[in-house]
Amino acid sequence: METSKEFEFRPAKETSRSKSPGGIVGRLSNFARNKARHSLSEKGSNSVGGSGGSGFDKPRKDLLKEFHKCKEAQDQRLDLSSIEITSIPSPIKELTQLTELFLYKNKLTCLPTEIGQLVNLKKLGLSENALSSLPDSLSSLESLETLDLRHNKLTEVPAVIYKITSLETLWLRYNRIVAVDEQIGNLQKLKMLDVRENKIRELPSAIGKLSSLVVCLVSYNHLTRVPEEIGECHALTQLDLQHNDLSELPYSIGKLTNLVRIGIRYNKIRCIPSELESCQQLEEFIVESNHLQLLPPNLLTMLPKIHTVNLSRNELTAFPAGGPQQFVPTVTINMEHNQISKIPIGIFSKATRLTKLNLKENELVSLPLDMGSWTSITELNLSTNQLKVLPEDIEKLVNLEILVLSNNQLKKLPNQIGNLKKLRELDLEENELETVPTEIGFLQHLTKLWVQSNKIVTLPRSIGNLCSLQDLRLGENNLTAIPEEIGHLDSLKSLYLNDNSSLHNLPFELALCQSLEIMSIENSPLSQIPPEITAGGPSLVIQYLKMQGPYRGVVMTGQ
């Protein structure tokens with residue numbers, strides 16, 4: 001079960017075309033997706049790449065034509081994106097009616113000073129160019145609200161930006177910026193600041209003056225500290241600090257009482273300030289990949305809206321102090337890759353909304369006696385622990401759909417496993433199983449059964465009842481035979497039988513698996529089948545079984 005993506009802090013999605021971010025960011029401004037009716041990229045007759053004329057004269061002529069059309073129609077939006085222009089001619093100054101100008105994905109290295117005469121401009125999109133500076137004339141754009149400079153070559157925030165005090169949304173992601181000046185405090189109307197994926201080492205204290213700031217995205221930089229003044233940004237709902245070099249958070253973080261999401265994954269944080277308990281609007285607590293050994297007592301209990309808890313890849317040796325109450329609102333818990341050796345009895349007794357629990361890669365040796373009370377869970381990952389026994393109460397997890405128990409020390413499965421009627425995926429790789437219970441045949445919705453790298457000698461005939469099974473992995477066991485009932489698996493697409501040193505025969509009924517696309521038989525002797533057939537691969541083996549057995553009239557649609 002893959003969990004890392006599920007628990008990832010995702011304030012915004014990006015594509016190669018630099019679409020505007022989604023979520024709160026998207027609601028602030030979604031202009032990057034809009035296309036104007038005068039976009040040159042949609043007009044073949046005005047294509048800059050057309051033949052005839054010099055490389056400079058042709059685009060200049062086309063742009064002038066577009067400027068004329070725009071002025072004649074008094075259009076307020078002009079899109080000149082993705083046409084490989086390297087410069088903007090000065091007559092653009094005549095388009096004073098423009099409120100939106102898009103110049104995405106071109107080859108601009110500079111802008112003309114005349115752009116400062118577009119005094120009605122509210123949105124200016126310059127993403128995916130080669131800009132290293134901006135003209136001072138942009139300070140005249142007193143109506144400009146949104147400025148997108150993602151994917152350029154800026155090494156600093158151009159000084160003129162600090163003079164555009166009307167700005168509400170500022171995108172500077174994917175540049176080479178090393179610092180943000182104290183003058184950022186001039187942007188009193190700024191609601192969204194995106195400086196992700198730069199080389200910034202610290203934020204200025206003046207950031208505390210941004211009283212309107214709602215979203216602050218600073219991930220993938222080199223921050224070593226966050227100024228205490230961040231606590232003055234009372235409007236903040238999203239603060240993304242993930243993938244930096246932070247060793248601590250400021251105590252003032254507790255003043256951000258409107259905070260809904262805080263991303264601090266992949267830092268070097270050793271402790272969380274208890275003041276965070278004042279952020280009672282928080283819905284996600286994601287601190288993956290830090291150096292936490294514990295949390296402040298009752299921290300999660302004081303955060304009543306938390307639905308996602310991700311404490312994975314830290315140095316925890318026990319569950320957070322706070323008892324069952326701390327998980328009342330929680331839907332997803334990920335504590336993968338820690339040093340936890342025990343699940344306290346009753347810890348999930350009030351977690352009636354809990355659907356996903358990941359305790360992979362810990363030091364668990366047993367499961368609590370009240371495991372049967374985890375009835376809301378649909379996905380449970382306990383792989384890479386030291387479990388030797390599954391409690392019979394596992395049958396009470398009636399909503400379980402995915403169960404991952406790989407890389408433990410299990411010697412047998414309880415027969416009650418057959419009562420998990422909703423189970424779709426069962427992963428038992430790398431254990432010490434010698435048998436599979438007959439009751440496995442009751443799992444009518446099972447699509448994936450992985451039991452490779454065990455000590456299994458035989459399979460129950462009931463395996464033929466798994467009508468939904470698509471992926472069956474039996475490699476690296478001690479199998480001596482495969483039951484003929486395997487021929488009933490009409491949905492089976494992949495079958496792994498590799499590295500079974502005592503497996504000499506395959507049932508002719510295998511030829512009835514008409515959906516079979518992949519079969520691995522490497523390092524299994526299969527003396528029943530001629531070497532030249534096995535050398536030809538799975539497809540030839542299936543055809544051989546079909547021709548040699550009693551099913552030679554069956555048409556193999558999967559081959």
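Positions of Cβ are set from backbone N, Cα and C atoms, glycine also.
Annotated compositional bias 'Basic and acidic residues' per Swiss-Prot: 1-17, in sequence order. Annotated region 'Disordered' per Swiss-Prot: 1-55, in sequence order. The repeat 'LRR 1' annotation in Swiss-Prot covers 74-95. Taken from Swiss-Prot, the feature repeat 'LRR 3' applies to 120-141. Taken from Swiss-Prot, the feature repeat 'LRR 4' covers 143-164. Positions annotated as repeat 'LRR 5' by Swiss-Prot: 166-187. Sequence annotations record features per position, and here Swiss-Prot assigns repeat 'LRR 6' to 189-210. Taken from Swiss-Prot, the feature repeat 'LRR 7' covers 212-233. Feature annotation from Swiss-Prot assigns repeat 'LRR 12' to 329-350. If you look up Swiss-Prot, you'll see 353-374 marked as repeat 'LRR 13'. Annotation comment: Swiss-Prot describes 399-420 as repeat 'LRR 15'. The annotation repeat 'LRR 18' is assigned in Swiss-Prot to 468-489. Residues annotated as repeat 'LRR 19' in Swiss-Prot: 491-513. Positions annotated as repeat 'LRR 20' by Swiss-Prot: 515-536.
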Check the repeat 'LRR 13' (353-374) for me and report the mean pLDDT. 97
In the repeat 'LRR 12' (329-350), how many residues does DSSP call helix, how many strand, and how many coil? 0 helix, 3 strand, 19 coil
Counting by DSSP, what is the helix, strand and coil composition of the repeat 'LRR 3' (120-141)? 5 helix, 3 strand, 14 coil
